[in-house]
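Taken from Swiss-Prot as is:
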type: DOMAIN; residues: 133-571; note: domain 'Urease'
type: BINDING; residues: H138, H140, K221, D364; note: Ni(2+) 1 binding site
type: MOD_RES; residues: K221; note: N6-carboxylysine
type: BINDING; residues: K221, H250, H276; note: Ni(2+) 2 binding site
type: BINDING; residues: H223; note: substrate binding site
type: ACT_SITE; residues: H324; note: active site, proton donor
Amino acid sequence: MSFKMTQSQYTSLYGPTVGDSVRLGDTNLFARVERDYATYGDEAAFGGGKSIRDGMAQNPNVTRDDKQVADLVITNAMIIDYDKIVKADIGVKNGYIMKIGKAGNPDIMDNVDIIIGATTDIISAEGKIVTAGGIDTHVHFINPEQSQVALESGITTHIGGGTGASEGTKATTVTPGPWHLHRMLLAAESLPLNIGFTGKGQAVNHTALVEQIHAGAIGLKVHEDWGATPSALDHALQVADDYDVQIALHADTLNEAGFMEETMAAVKDRVLHMYHTEGAGGGHAPDLIKSAAYANILPSSTNPTLPYTVNTIDEHLDMVMITHHLNASIPEDIAFADSRIRKETIAAEDVLQDMGVFSMVSSDSQAMGRVGEVITRTWQVAHRMKEQRGLLDGDSEYNDNNRIKRYIAKYTINPAITHGISDYVGSIDEGKLADIILWEPAFFGVKPDVIVKGGLINAAINGDANGSIPTSEPLKYRKMYGQLGGNLQSTSMTFVSTTAYENDIGKLLGLKRKLRPVHNIRKLSKKDMKNNNATPDLDVDPQTYEVFVDGEKITSEPATELPLTQRYFLF
């Protein structure tokens with residue numbers, strides 16, 4: 001005998017279903033469920049009197065040897081990803097996403113492709129949003145505490161360079177040479193994130209570059225503070241082509257060795273990741289932003305200029321001075337810093353992100369960026385652009401799915417593709433590492449509820465350890481068992497070059513983490529950037545710094561207020 005309930009009753013029990021819209025935090029963005037994998041009436045739910053009990057949604061006969069039996073099931077999750085906004089159960093096995101589908105007991109339930117057995121644990125995601133762990137590809141490894149801060153914001157992968165609080169690291173994402181790379185690969189064993197390091201890309205002698213790739217670097221960073229000359233860039237790209245690694249470029253702000261055109265002539269048609277493409281973070285003044293129009297440039301923003309607000313310009317001068325070891329008593333140093341801060345290009349940056357011309361967002365951690373705000377600032381830009389520019393094509397009232405898919409791609413799948421790790425991380429897809437973030441919708445983009453890393457809970461909001469229930473105050477982020485003992489290594493990956501992987505660098509250094517080789521990088525182009533691959537004609541007026549897209553001036557007004565801000569940080 002069937003039982004009918006209202007949609008609001010259903011939603012209160014099992015979360016939203018097809019046609020329901022969910023507001024993201026206190027933004028103006030609404031995600032609408034496109035598909036529900038559930039078989040209505042056969043939902044898997046855990047708790048007293050619920051369906052996941054022996055002989056009901058839990059199969060009493062199966063063992064873990066059955067390939068369909070999950071170690072962990074996340075039930076009734078609303079998944080937001082670059083290519084889907086769906087409701088489903090997520091099966092995890094051996095630390096990897098096994099299946100997205102319908103969980104339960106196939107002996108008594110229809111359409112089950114994830115089996116719950118005696119060996120299965122449950123995380124209830126009814127009414128919650130699930131996303132892939134974020135990827136920050138512009139990290140200065142200045143302070144190891146960055147990792148925990150980033151993790152608690154929903155980031156699970158860091159790519160960049162550094163050796164600690166050295167002047168070189170404070171200014172550049174470089175881990176220079178085999179000795180430093182080996183030391184940092186050993187240090188990564190104690191970090192709760194997936195990690196990849198970039199070496200120093202300045203050397204005419206290819207041996208000095210190649211030895212860093214052999215030592216485990218997943219790419220090379222060419223940075224103006226070490227000399228971003230056309231020659232250095234050309235040699236770095238030659239090595240990158242030989243070893244299938246990425247080049248990250250912080251171009252020449254001072255235009256000493258050439259202008260933007262000379263840099264692009266040196267690049268030719270070879271792919272590279274252009275850091276902070278707007279230019280406030282560094283790069284050819286005033287027109288680095290034009291590089292985003294090239295088919296071989298994968299452009300990203302760093303988060304201090306996102307979104308453009310009434311405070312953005314004022315805070316940037318001091319940030320540039322400190323980060324790049326400049327002296328306020330030297331007029332040329334002041335001029336250097338001042339040349340990078342242009343309100344016109346900053347005002348255009350948000351619009352270029354919204355148009356899908358800029359493909360990624362990253363932090364620039366402690367080097368003009370905030371490591372724990374990549375996700376928050378991405379969604380603030382999305383909110384602000386909807387406020388100023390209206391709905392994107394294909395979106396409608398209470399349905400911002402196209403904009404949401406565009407923006408989530410900026411810190412998940414696109415950075416993964418750019419650095420050759422998209423086979424392992426970057427989306428909620430079968431076969432990928434189970435780096436999964438659960439959010440209460442009201443806190444989406446600001447404070448995750450649970451962080452699953454490699455299939456095990458790594459951190460979560462939890463109460464006093466002496467409390468009688470897990471919600472006893474003070475509620476705060478606490479490390480979980482995924483960060484203890486050998487789990488710290490077994491739940492995360494260290495990314496290395498293919499040549500380092502093939503030469504067993506893990507054995508050489510005694511590494512215990514999962515090592516994975518980066519690959520499929522050198523054939524990339526902008527068209528590989530999901531939902532963010534526009535290549536319009538871009539121009540910058542050299543006198544006024546105004547930005548034009550296909551001949552039309554683009555700009556935005558500075559925000560005076562934003563969502564996802566003070567109300568979330570009262571305590």
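Cβ from N, Cα, C; glycine included.
For the Ni(2+) 1 site, the Cβ centre of H138, H140, K221, D364 serves as reference, and the other residues of the chain with Cβ at most 8 Å from it are V139, G160, G161, T172, T173, A248, H250, Y275, T302, S362, S363, S365, A367, G369. Across the fold, the C-alpha of K221 (Ni(2+) 1 binding site) and the C-alpha of H250 (Ni(2+) 2 binding site) stand 8 Å from each other. Between the alpha carbons (Cα) of H276 (Ni(2+) 2 binding site) and D364 (Ni(2+) 1 binding site) lies a span of roughly 9 Å. If you measure from the Cα atom of H138 (Ni(2+) 1 binding site) to that of H250 (Ni(2+) 2 binding site), you get 11 Å. Within 10 Å of its Cβ, the residue among the binding-site residues H140, K221 with the fewest other Cβ atoms is H140. For the binding-site residues H276, D364, the largest tally of other C-beta atoms within 10 A is found at D364. Each of the recorded positions H138, H324 was scored by the number of other CB atoms within 10 A of its CB, and the lowest score belongs to H324. Compute the center of the Cβ atoms of K221, H250, H276, which mark the site for Ni(2+) 2; besides them, the chain residues with Cβ within 8 Å of that center are H138, T172, T173, V222, H223, A248, L249, A251, Y275, G281, G282, G283. Under a cutoff of 8 A between CB atoms, and with a sequence separation of 6+ in the same chain, the neighbours of H250 (Ni(2+) 2 binding site) are T172, K221, V222, H223, E224, D225, A228, Y275, H276, G281, G282, G283. The number of other CB atoms found within 10 A of the CB of the residue listed as 'substrate binding site', across every protein chain shown, is 26.
Distance from the CA of H324 (active site, proton donor) to the CA of D364 (Ni(2+) 1 binding site) is 13 Å.
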